[in-house]
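*Asks:* Attaching a single structure in structure tokens format; questions to follow.
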Amino acid sequence: MEDIKQGKLAQELDFVSHHVRTKLDELKRQEVNRLRTLIKAKHDLEGGNDIAVDHQALLKQFEHLNHMNPHTFEVEDLDRLIKSATNDLENFDKERHEEFKRYEMMKEHDRREHLKTLDEEQRKKEEEHYEEMKKKHADHPKVNHPGSQNQLKEVWEEADGLDPEDFDPKTFFNLHDTNGDGFFDEQELEALFTKELEKIYDPTNEEDDMVEMEEERLRMREHVMNEVDSNKDRLVSLDEFLVATKKKEFLEPDSWETLEQNQAYTDEEMREFEEHLAQQEQDLNQRTVDLQKQREELERQQEQLNAQKVELQQAVEHMERLKSEKVEPPPEVHVEGNADPEVHAADNQLHPDQEAHPPGHQEIPQHHQDTPQEHQEQHNQDLPQQGQPQGHHDGLPNQQNVAQDQHNLA
């Protein structure tokens, strides 16, 4: 294992056949393309939200490969891959424990929040029920120490159907090395603890949590690995197993403390967790308010756009209506001055002798030329004001001319 961690195994890559190297080159190119696609997608997503992109964090995704050479799989790539995989395995259990701790704290938080919604009597009943379930869960048969002689003999008898008096470590190892590679891996070890876990957890019981059961299985496997895996390669060889069966801890183990005897979190961790949840809730509420304001603003803008759209539609319909009617303006009549052309026509018929004026006759301005009737009315209005008949004065017709006009009208 130390040779693997130190990169000595990677040197063996130089001795593999050509077709293996060719396949490794192709796999590396596929992996590099996959990572580039993921990084681009992440970059686009974060850039769209105006969030600064952490390029160093993105490059960490390439730590298991030499991204400076994206085309061929070399010794450095194998070395990086081994170190990355080893690091992942070492961190796996730690991450699992942290995840379980958060799960337990959230479960307790939800229980407390539920109690706040109850009245005094209901809260008392709920607390009593909770304590009853805890007590019921803790009431189970003795759990053997994982990896001990008693625990393995129980598997030998109940799972393998063999006489516990005939227990043989080497035979037991060969029976449970299911893939026959000469090692107990983590999955094969965890399978050995199923009988012990069934003593504590039953999926049909209200008080038993299957998430807790898997955490208990993980704790058992970790304990055996720490006790038996002497070279820390996360595998238990036959030799390591046989050596462990001769230790005092195998023959006379200490009692095993289950999860109900070991709370996953401290009171301080629970307090910090709830404070973090409260802050998250506050942030979410503020975010909700901001989003509501944005929604209202967008709705207001939409209303304005709809109103403008309606106005534009009305204008288009009006233009289309005018276009379909094809309304043409009446022909224009050109006249001189402000006189009515019909009046001129009548004047021309009534006064043909006025087309030519005698010498010295002053032409009446066009705006003073009235119809005969209007001329008579104006003359009758002037008589009372003057008190005497007036003759031809200032270019206006006298009484004799008026009489002649009346005669012509008749």
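Positions of Cβ are set from backbone N, Cα and C atoms, glycine also.
In case it's useful when we look at the structure, here is the feature table from TrEMBL:
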type: COMPBIAS; residues: 111-134; note: compositional bias 'Basic and acidic residues'
type: COMPBIAS; residues: 292-302; note: compositional bias 'Basic and acidic residues'
type: COMPBIAS; residues: 317-380; note: compositional bias 'Basic and acidic residues'
type: COMPBIAS; residues: 381-390; note: compositional bias 'Low complexity'
type: COMPBIAS; residues: 398-410; note: compositional bias 'Polar residues'
type: DOMAIN; residues: 164-199; note: domain 'EF-hand'
type: DOMAIN; residues: 216-251; note: domain 'EF-hand'
type: REGION; residues: 111-148; note: region 'Disordered'
type: REGION; residues: 292-410; note: region 'Disordered'
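Walk me through the surroundings of each of these features.
*Replies:* Here the compositional bias 'Basic and acidic residues' (111-134) has Cβ contacts under 8 Å with residues 206-207, 260 of the same chain, all six or more residues outside its ends.
Under DSSP, residues within the compositional bias 'Basic and acidic residues' (292-302) fall into helix, strand and coil as 11 helix, 0 strand, 0 coil.
Within its own chain, the domain 'EF-hand' (164-199) has Cβ neighbours under 8 Å at 140-144, 146, 149, 151-158, 213, 216-218, 220-221, 224-225, 234-238, 241-242, 245, counting only residues six or more beyond its boundaries.
Assigned with DSSP, the residues of the domain 'EF-hand' (216-251) fall into helix, strand and coil as follows: 24 helix, 2 strand, 10 coil.
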*Asks:* Could you give the mean pLDDT over the domain 'EF-hand' (216-251), rounded to a whole number?
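*Replies:* Its mean pLDDT is 91.
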